[in-house]
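Remarks on the structure that follows.
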């Protein structure tokens, strides 16, 4: 007697119903499934990491800008007297530029300068962190999918591409050095995070 199995090879997978034919519960499950599929895909990981990095970078940049000290500031002041309008400090349009402390300015101008500076620094930091998160997560996911492996080399390669992308405007040498530095940093982080994944020692549960 030849064993032919349980006939599972003759069973065809269930066809998905159109969305408008589903019950409210099934529609919710279908929507959750679509969201999870997108979140676990490479484009989804890249988008989520980019948005998260942008938000964290903005908060960090805002915090660092708010901790700045009162430093000399070059601000244009009207040249009302001949004593201030000297040849060394006259700017464009008859405006003399003098070095002032921020605390010497009117309160409204102080607030305007501070918020403008904080906004610029926060936006710059957010762009950098968002770029790092988006490129790193996307490249790592693509490499992991192609290699079908989850090891340290995925992060090292992603770190190299990310660092090179950040420094490519400064030339090929800077891109190479930036990629190598970011790859080394990524390798160190991965080694630290995976240091507890190994086999426990033999005396782990012994007193």
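Cβ atoms are placed via backbone N, Cα and C, with glycine included.
Quick look at what Swiss-Prot lists:
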type     : residues : note
DISULFID : 42-141   : disulfide bond
TOPO_DOM : 1-46     : topological domain 'Mitochondrial intermembrane'
TOPO_DOM : 194-207  : topological domain 'Mitochondrial intermembrane'
TRANSMEM : 47-67    : transmembrane segment
TRANSMEM : 152-172  : transmembrane segment
TRANSMEM : 173-193  : transmembrane segment
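Here the transmembrane segment (47-67) has long-range neighbours at 39, 117-118, 121-134, 136-138, meaning same-chain residues at least 6 beyond its ends whose C-beta is under 8 angstroms from one of its own.
Comparing the disulfide-bonded residues 42, 141 by how many other C-beta atoms lie within 10 angstroms of each C-beta, the top residue is 141.
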